[in-house]
Structure formats: structure tokens, C-alpha cells
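Worksheet for the structure shown next.
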């Protein structure tokens with residue numbers, strides 16, 4: 001009876017998450033497109049629902065909601081379904097819609113879709129060879145040929161999904177840790193004045209006037225050539241055509257040269273327009289930073305800058321000394337504080353509640369941040385023809401991101417709450433994923449610092465002359 005009640009709770013929450021994913025698909029991703037393939041919408045919503053359910057099960061582990069046997073069953077069920085979607089269903093449909101856009105392959109699209117999926121599976125499987133993703137006691141070991149687990153077991157699939165997902169998480173986290181303080185802090189705002197904007201607008205207007213003047217010259221020259229060609233000596237024969245192209249009458253314009261100048265000026269006008277828009281946006285940010293909300297975000301920027309430096313420092317220490325934490329950071333922080341202050345404190349009780357709040361914040365911010373990123377990415381590259389493939393790629397990224405989040409959030413949970421998660425995930429090398437995250441995070445953060453530094457130095461107002 002209790003199992004049925006637990007299952008009804010899980011099904012209800014999954015229906016809720018499915019509905020939220022469906023609305024997000026219709027109101028955000030596809031609000032400017034007509035839905036022609038409902039299978040894409042269903043796959044995206046199901047992926048979102050089972051991804052959020054995994055986060056829900058993490059919270060249930062901490063709060064003790066549902067019986068342990070029910071949580072274990074639903075962990076297994078959710079992982080099996082999400083891996084079935086990420087490894088089999090989504091890659092196949094991506095190949096199917098890609099082949100469908102090629103007319104020559106339209107009749108044999110099912111066959112070619114299977115071929116693309118088999119190619120994906122080959123590279124997906126070979127992805128696990130260079131990495132120590134499984135425990136030496138279990139799983140496939142390429143060097144000695146021992147195989148004690150099936151090739152389609154949860155350990156084999158989730159270990160490879162984890163490598164891709166952790167890489168994506170580290171790349172996004174590294175860029176976000178640097179870009180967030182750079183965006184929030186007024187210290188990094190460029191000094192833009194009304195004079196800078198007026199100078200750039202004057203250059204833009206002068207460029208537009210030059211384009212109009214040269215286009216008028218081209219139009220006048222073409223009209224004169226047309227009139228002379230119709231009334232007087234119209235070239236005839238092959239040599240006449242060559243002569244009309246290679247020579248020009250006295251006083252006529254060199255149309256090819258003028259057209260090249262117009263093309264160069266039009267490209268310059270586009271750049272000047274974008275720089276003008278950027279200056280207006282920067283000026284608005286300067287005005288916004290003087291408000292109360294702007295000062296609040298400026299304070300957050302300083303906080304995140306300290307966090308960014310600390311995270312880069314700790315990632316470097318972890319890489320150099322090959323270090324991975326054995327206890328969750330909340331329990332470790334409370335133990336250090338209690339020992340330093342010498343006070344009586346129930347570490348286990350408070351670590352449970354603080355860990356719940358911390359994990360909840362991580363889950364909410366992860367879902368919100370990923371959905372915002374997916375929306376921006378979709379608007380940037382999608383079109384009416386490629387929208388289905390792009391949505392399926394976003395569903396693939398989303399599922400791998402959430403599965404990898406479970407692997408990494410596990411370390412933020414007290415030891416007694418990791419038992420079922422560890423049993424379900426199998427004999428994975430959890431330490432490897434944390435070290436891999438630190439490596440990719442460090443590379444991403446340092447690359448982002450270099451990129452933003454160069455972008456800041458190349459600010460348009462630094463190169464303007466009145």
C-alpha cells in the first residue's frame with residue numbers, strides 16, 4: 001500500500017514537471033514557430049520531467065520522504081528512462097530530422113538515420129576508453145579485455161554521459177563565474193559620455209552620406225552608359241563585348257571601383273551602428289548602476305568575484321595535489337567552526353538542514369540558469385527548418401547536464417544520504433568526475449578572463465577621435 005502511495009506521489013510530480021516543460025516549450029522556445037513535429041515536444045517535455053524528478057529524489061533523500069525501497073526503485077526507473085532517451089531516442093531522431101532535410105536521402109531516411117545512430121553509438125562507446133570512469137573491479141576495462149558488466153548497463157551508460165555532462169557543466173560554470181562579476185560590477189563599466197555617442201553618431205551619418213553619394217554616382221553612370229549604348233555605337237560580336245568591358249569612354253566612372261568602395265563603406269556603417277548600440281547599452285547600465293537595485297547587484301558582483309578567485313584557487317589546489325573532499329562542505333565547515341570556537345553544537349542535525357537548503361539552492365539555480373541559457377542559444381541559431389534539430393540537441397544537453405549534476409551534488413550531501421544514490425549509480429569513479437570538473441572549470445575560467453580582458457580593452461570609445 002505504501003509503495004502505491006509513493007508511486008502516486010512520484011507520478012503526480014512527473015506530470016507537473018511534464019506540463020511545465022510543455023508550457024516552456026510552447027511559450028518560450030517555439031512561440032515564434034509552428035509546431036509540426038509533436039514528437040519533438042514530447043521528447044523535450046519528458047526529458048525535462050525525468051531530469052527534474054532526479055533532483056526531487058535528491059531532496060527526498062535528505063528529508064526522508066517515501067520509503068527507502070520506493071526511492072531506490074524510482075531512482076532506478078528514472079535513470080533507465082533518462083538514459084534510454086539520451087542514448088537511444090534523442091540521437092536517433094536528431095539523425096532522422098537531419099536526413100529528412102536532404103532530398104536525395106528522403107526515401108531511405110530511416111536507413112540513413114539508423115546509420116547515423118550507429119555512428120553516434122560507436123563514438124559514444126569509445127569515449128569511455130581514455131577515462132578511468134569505472135571502478136577497476138567492475139565494468140569494461142579496454143586494456144585487459146575484462147568485462148563483468150553488460151555493455152548497456154547503467155554504469156556503462158551513465159559513466160559516459162557523465163563525462164560529457166560534467167564537461168558542459170564545467171564550461172558553463174567557468175564562464176559564469178567570470179562573466180557574472182564582470183557583468184554586475186560597476187567597476188568594469190566603460191566610461192561612456194554623451195560626447196562619445198555624438199562622435200560615433202557623427203561618423204555613422206558621414207558614412208551614410210558617402211554611401212548615398214557614391215550610389216548616386218553609380219546610378220548616373222549606369223544611366224549614361226545605357227543611353228549611349230542604345231542610341232550610338234552598341235558593341236556587337238565577341239570583341240565588341242570585350243572592348244565594352246575593358247574600356248570606358250572619356251569622363252565615365254569606374255563602376256567596379258566605386259562599387260567596392262560602397263561595399264566597404266556599408267560594412268563600416270554596420271560596425272559603427274553596432275558600436276553605437278553598444279555605447280547606448282553601456283550608458284544605460286551606468287545609469288542603472290546608480291539605482292538601489294544597481295548598487296545591490298554591484299555588491300553581488302564583489303561577492304561573486306571573491307567566489308570566483310576562491311574557486312579558481314581551490315580548483316588549482318585540487319589539481320596540483322590530486323585532492324577530492326571526503327565529506328560534504330557544509331559538515332566540514334561546521335566542524336571547523338565548532339572546533340575553532342569550542343562551543344557545543346549538534347553538527348549532524350544542523351548539517352542536515354543546511355545541506356537541504358544548499359542543495360535546494362543549487363537545484364533551483366541550476367534549472368533556472370540552464371533554461372535561460374537554452375532559450376538564448378535557441379533564439380541565436382534556430383530557424384524554421386532547423387528548429388526541431390536544435391530543440392532535440394537542447395534536450396540532449398539538458399538531460400546530460402542534469403545527470404551530471406546528480407554525480408556532483410552527491411558530494412554536497414552528508415554521507416548517510418548518499419547511500420541509495422551510490423548504489424543506483426553503480427561502481428563509478430566519483431573522484432574522477434570531480435577532478436575532471438576542476439580541470440575543465442579552470443581552463444574555462446582562465447580562457448573567459450582572457451577573452452573578457454581583450455574585449456574590454458577593445459572598447460569602441462577607446463579608439464574614437466573627435
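Any Cβ shown, glycine's included, is placed from N, Cα and C.
Caution: TrEMBL annotation is automatic and unverified by curators.
If you check TrEMBL, you get these features:
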- 6-26: transmembrane segment (TRANSMEM)
- 38-63: transmembrane segment (TRANSMEM)
- 75-98: transmembrane segment (TRANSMEM)
- 110-128: transmembrane segment (TRANSMEM)
- 153-218: domain 'Golgi pH regulator conserved' (DOMAIN)
- 157-180: transmembrane segment (TRANSMEM)
- 288-457: domain 'Abscisic acid G-protein coupled receptor-like' (DOMAIN)
- 299-321: transmembrane segment (TRANSMEM)
- 354-379: transmembrane segment (TRANSMEM)
- 391-413: transmembrane segment (TRANSMEM)
- 433-455: transmembrane segment (TRANSMEM)
Worksheet item: Does the transmembrane segment (38-63) reach the transmembrane segment (299-321) with at least 3 CB pairs under 8 A, where each pair is 6 or more residues apart?
Response: no
Worksheet, complete the sentence: The answer for the transmembrane segment (299-321), taking Cβ pairs under 8 Å and residues 6+ beyond its ends, is 177-178, 180-187, 434-435, 438-439, 441-442, 445-446
Worksheet item: Taking the domain 'Abscisic acid G-protein coupled receptor-like' (288-457) alone, what is its mean pLDDT?
Response: 74
Worksheet, complete the sentence: In DSSP terms, the domain 'Golgi pH regulator conserved' (153-218) comprises 59 helix, 0 strand, 7 coil
